Structures are given as structure tokens and as C-alpha cells.
Amino acid sequence: MAASNTARKYVTDTAKVSWLPLIVVVLTQIQASFAVNALTVSMQGITSDLDTPATSVGTAITAGTFAMAAFILLGAKIGAKFGSRLVFQIAVVIHGLAMAAVALSVSPIMLFVAQAASGAVIALIAPALVVFIAANFHGAQQAKAIGYLAAAIPAAGVLALLIAGTFASTIGWRFSFALIVVLAVVNLLLSFRLKVVPPQRDISIDWVGALLAAGSIILLSFGFSGLNTWGVVLATDAAPFTILGISPAPLLIILGIIGGQAFFVWLRRQKAAHKPQIFDLDVLKSGSEKATTFAMAAMLFVGTAANFLIPLYIQIVQGRSSFETSISIIPYTLSIFVASTLVANLYSKYPPHNIGRVGFVVVALGLTILGFTIRNEWEQIVVILGLIILGLGQGAIVALVFNTLLSAAPKRLAGDVGAWRGLVHNISGSIGIAVASVFAVGLLSTLISTAAAESPTLPPELIAQVPLDDANFVTNERLEQVLSETDASQAQVDEAVLINADARLRALQISLLGLAGIALLAIIPAGRMPDYRPGDIPAVLSSGREAGDDPDDDKPAAPSLPSSRIPGQ
């Protein structure tokens with residue numbers, strides 16, 4: 001039908017604009033992502049210089065991540081109220097100062113405070129980057145710009161590996177953070193050439209909503225991150241507190257879910273009363289936007305879980321160092337980068353729901369290949385192929401869902417879209433790592449217990465000396481060290497090592513195949529993503545409002561397109 005064909009056309013601006021705003025956006029994203037990755041790569045040097053355990057560095061990284069997630073919705077509103085460019089410039093300066101403090105750290109406390117401060121100001125930076133894209137690019141340029149923004153994250157990971165890894169092993173880890181300070185200065189100077197986005201002075205900040213959001217996010221983040229350490233149901237010895245022997249992790253998760261429900265109830269009540277909201281629900285007004293969010297959450301869940309399992313396999317099963325592990329996953333990281341930058345070329349040919357469906361099939365294929373082929377030889381070409389396929393699907397979907405949400409929302413809500421993306425990214429990531437960890441470790445414990453009980457070489461008396469209920473992924477050398485403190489003979493040690501090696505591999509394989517199944521289930525929400533081709537705002541917003549109806553909506557209405565949906569859907 002002609003109407004169907006017309007509805008599938010997408011409006012794009014033919015006039016080209018300067019790519020300078022994109023350069024600032026990409027460099028700033030690299031600045032933010034490089035900082036976190038550099039901490040991980042430099043962990044050995046930091047622990048040595050500051051005389052602190054590696055867990056302290058991990059705590060600093062977690063502090064920055066939680067601070068960003070907790071305040072990102074507030075950051076979007078602050079940027080909208082006072083002007084995105086001004087807020088961005090102040091945040092870049094503070095982030096640069098925080099990185100200078102990291103470089104000059106003389107104690108774990110100083111490192112912790114500096115990293116927490118950097119995470120908090122990233123909550124101001126992240127929404128501003130999306131606003132700059134929405135304000136400066138439209139159509140095909142906007143789609144490509146979002147792809148480059150998504151690609152900047154894996155690019156920062158590779159750069160951190162190469163640069164921070166080299167610095168850490170030569171001139172010292174502190175120079176990596178000094179380099180970030182220089183990059184912050186460059187981004188600040190370039191930002192003065194950005195177009196000023198007019199502030200929305202009439203915006204009032206919803207402080208109750210901001211506190212509800214921050215509290216819920218912190219509870220959920222701590223709850224999910226503590227599942228494996230504190231216990232899924234019953235508390236372990238590592239739990240900071242217990243209630244009737246119950247682990248605090250599920251309690252925090254329940255409180256976080258209740259807080260999240262209260263947050264959305266509050267937003268609906270504020271909207272009905274025409275009062276300020278910390279997050280505009282118009283971003284998620286229709287079913288297609290909700291489906292896009294579910295697809296985004298599913299991909300980030302699967303992606304972060306895979307990012308946890310793959311290094312676990314390389315380090316534990318193969319016994320490689322952290323640096324060697326980072327080198328080994330470069331093909332995966334680069335494939336994410338390539339897919340994020342090139343997927344925009346498909347937007348003019350296929351609607352989002354088709355790209356999303358195919359993307360999740362590709363992700364499932366990559367995970368399935370990994371699940372059936374991982375062995376002790378990482379150089380195996382099929383394993384590397386599986387990594388590349390996984391990265392291509394992941395990169396394409398992450399860029400697609402972000403662009404689809406931004407295309408469907410009025411330009412004035414670009415900051416809310418950016419904040420929502422960051423929020424979903426962090427929560428889904430926390431859940432992905434937690435669930436993958438609990439599932440893989442639980443499966444490992446079951447496999448070891450079953451195999452040990454069936455082994456004629458390992459008597460019950462010996463098994464009783466090993467805490468199988470506290471099984472975890474350990475190297476063969478570590479297991480031999482533990483068994484040396486028991487009555488095990490050399491033959492029994494060899495048998496236990498074989499059982500452990502087989503159980504490790506099978507647990508990881510089954511976990512990867514489980515993620516492949518989740519990726520296939522994600523085809524369902526992906527199929528409900530919009531039917532129009534992403535690029536710029538359609539004639540009728542997916543929220544059901546005409547593009548020109550809202551006086552605050554400064555996006556141009558698309559001419560001659562009666563509908564953004566295919567008739568009959």
C-alpha cells in the first residue's frame with residue numbers, strides 16, 4: 001500500500017552540519033569511560049603504591065558507578081534548568097580535578113572520595129552528551145552520532161588497556177590519570193565552540209522524586225552486587241548484618257523494588273497534578289518505547305553477564321593474568337565498536353524491530369558458539385569467531401535502542417532519554433553480573449558435589465574436609481594448595497583437580513547457553529519496537545502527540561507523513 005510505504009519513510013535533514021559537537025561528545029565519553037577502565041588496568045600498581053588490597057580499588061570503582069546511577073536523573077534536570085553547555089563545562093572541570101586527585105592519591109580514602117566525585121559529575125555529563133547530539137544532528141547524521149557515542153565506550157576500554165597498561169608497567173599508573181586531566185582541558189576548550197542550548201528556566205526540580213530514585217537505585221545496586229558475597233537467601237559470614245539469619249542482599253533488593261514502585265507512583269501523581277517531575281514519563285508513554293527499554297535492558301543484562309563470564313573463563317580456566325585477559329578480548333571489544341558505528345547504515349533500509357530481532361539472534365548465535373566450543377585453548381579460531389559474532393550483535397543493538405528512544409522523544413526530553421539510558425545501563429549491568437555470578441557459582445558447586453560423591457577415588461572422609469558448600473571458581477594451583485592441608489594423597493589430589501576443571505568448564509558453558517536463551521527471549525520485546533526507520537522524529541510522536549502540538553517541543557514537524565505506524569498495527 002502507498003500509505004504503508006509512505007509511513008515507512010523517514011524524514012532526514014539533507015543539510016550537513018559540523019562534526020565538532022560529535023568530537024566533543026566522543027572525547028568526553030572516552031574521558032569518562034577511560035577513567036574507570038584505567039583504574040581496573042592499574043589495580044596492581046595502585047595496591048602496591050597505596051598499600052591497600054585490591055578490594056579497596058574495587059570499592060572505589062563501585063562508589064563511582066553507584067554515584068553516577070543514583071544522581072543521573074537529577075543531573076538531566078540540572079542541565080535542562082541551567083543550560084546543558086554550562087553544566088557540562090562545570091562537570092568536565094570537576095571530573096578533571098577528581099582525576100588529578102586520583103593521580104596524586106596518597107591513601108585509599110583519597111582515591112575513594114575522588115572516584116565517587118567523578119561518578120557523581122558523570123551524572124551531569126552523560127545527559128548533556130545526548131542533548132548535544134539532539135541539538136546539533138538530525139536524520140542520518142543523528143543516527144551516526146549516536147552510533148559513535150555508543151562506540152566510544154568500547155574504544156575507551158581498548159585505549160585504557162593499551163595506554164594505561166603500558167604506563168602501569170613503565171612510567172607508573174599515575175600518568176594515566178594525568179592524561180585524563182589533559183583530555184578534560186581539551187574537552188573544556190572545545191566545548192566553548194558548541195552551540196548554546198537554551199536553558200529551561202521554568203523547570204522546577206522534583207527533589208522528592210530525585211531522592212526516591214537515588215535511594216531505590218542505591219538499594220538495588222548494593223543488593224544485587226551483594227548476592228554472591230552475602231548470600232542469596234541465608235547470610236554468609238561476609239554479610240555486614242543479618243535479620244533472623246537472612247542475607248541483607250534480598251532484603252535490599254525488595255526495598256529497592258518497593259522504592260522503585262513508589263518512584264513511578266509519585267511521577268504519575270505529579271504529572272496528573274501538572275507538577276514538576278524528575279523524569280518525564282512521556283519518554284516511555286507508548287508500548288513501543290517500553291518495549292525498546294526492555295530490549296535495552298535485556299541486551300545490557302546479557303552483555304555485562306558475558307563480560308563477567310568470559311574473563312572468568314580466561315583467568316581461571318586458562319590461568320592467564322589480568323593483562324593477558326584484556327588482550328584476549330580485544331576482538332570482542334573491537335567488534336562492538338565496529339557494529340555501533342556501522343549499524344546506522346541499516347536504518348534507511350530496515351525498521352528497528354527487524355534490526356532488533358536479527359541482532360538478538362546474532363547475539364544468541366555468538367553465545368551458543370562460545371558455549372559449545374570453549375576449551376582450554378583460547379587461540380581456538382571458533383572461540384574467537386564466537387566472540388566477534390557476539391560483539392557485532394551487542395554493538396548493533398545497544399546503538400539501535402538508544403537511537404530509537406531518542407528519535408521518538410521530543411528534543412526537549414533529550415536529557416531525560418540520556419539519563420534513562422544511563423540508569424537502565426547501570427541497573428541492568430548490576431543485575432547481569434550478580435545473576436551470572438550466582439548462577440555460575442551455584443551450578444559449579446552442584447557439579448563438584450555430584451562428581452565428588454560419585455568418584456570412587458574420593459572417600460566421604462576426605463570430602464568432609466573440603467567446604468563444598470563454599471565452592472567458587474579457583475585455579476588448579478589454588479585447589480592443590482587447599483588440598484595440601486587435608487589428608488588427600490597425590491592420586492586423590494589429581495582426581496579432585498580433574499573434577500574441578502571439568503565442573504568449571506561445564507558451569508561456564510551452561511551459563512553462556514543460558515544467556516543465549518535470554519537473548520532469544522528478548523526477540524519478543526524487540527518485535528514490539530517501532531515500525532518506522534530511526535533517524536529523526538516521525539510525523540506523529542510515538543507518545544501520541546503531534547510534533548508541533550507541544551509549545552515546549554522545539555523539534556520540527558515532519559511534513560507529508562500522515563502516520564509513523566503501519567496501518568493495521
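Yeah, the Cβs are placed from backbone N, Cα and C, and that goes for glycine too.
Feature annotation from TrEMBL assigns domain 'Major facilitator superfamily (MFS) profile' to 21-463. Residues annotated as transmembrane segment in TrEMBL: 54-74, 86-106, 112-134, 173-192, 204-224, 244-267, 294-317, 329-348, 355-374, 380-406, 427-452, 507-524 (among others). What TrEMBL records for 535-569 is region 'Disordered'. Summarising the annotation, TrEMBL assigns compositional bias 'Low complexity' to 557-569.
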Distant-in-sequence neighbours of the transmembrane segment (112-134), which means Cβ under 8 A and at least six residues beyond its ends: 21-22, 24-25, 28-29, 32, 35, 39, 56, 59-61, 63-72, 74-76, 78-80, 84-85, 87-88, 90-92, 94-95, 98-99, 101-102, 105, 142, 145-146, 149, 194, 197, 406, 411, 414-419, 421-422
In contact by Cβ distance (the transmembrane segment (294-317), the transmembrane segment (507-524); 3 or more pairs under 8 Å): yes
Proximity verdict for the transmembrane segment (427-452) and the transmembrane segment (329-348), three or more C-beta pairs under 8 Å: no
Other parts of the chain folded back onto the transmembrane segment (204-224), taken as Cβ under 8 Å at six or more residues beyond its ends: 65-66, 69-71, 73-74, 77-78, 81, 248-257, 259-260, 262-263, 266-267, 270, 275-279, 423, 426-427, 430-431, 433-435
The transmembrane segment (355-374) in contact with the transmembrane segment (244-267), cutoff 8 A, at least 3 CB pairs, sep 6+: no
Residue numbers, six or more beyond the limits of the transmembrane segment (329-348), whose CB comes under 8 Å of its CB atoms: 10, 140, 143-144, 146-148, 150-151, 154-155, 157-158, 161, 310-311, 314, 355, 384, 387-396, 398-400, 403, 533-535
The domain 'Major facilitator superfamily (MFS) profile' (21-463) [mean pLDDT, rounded to integer]: 84
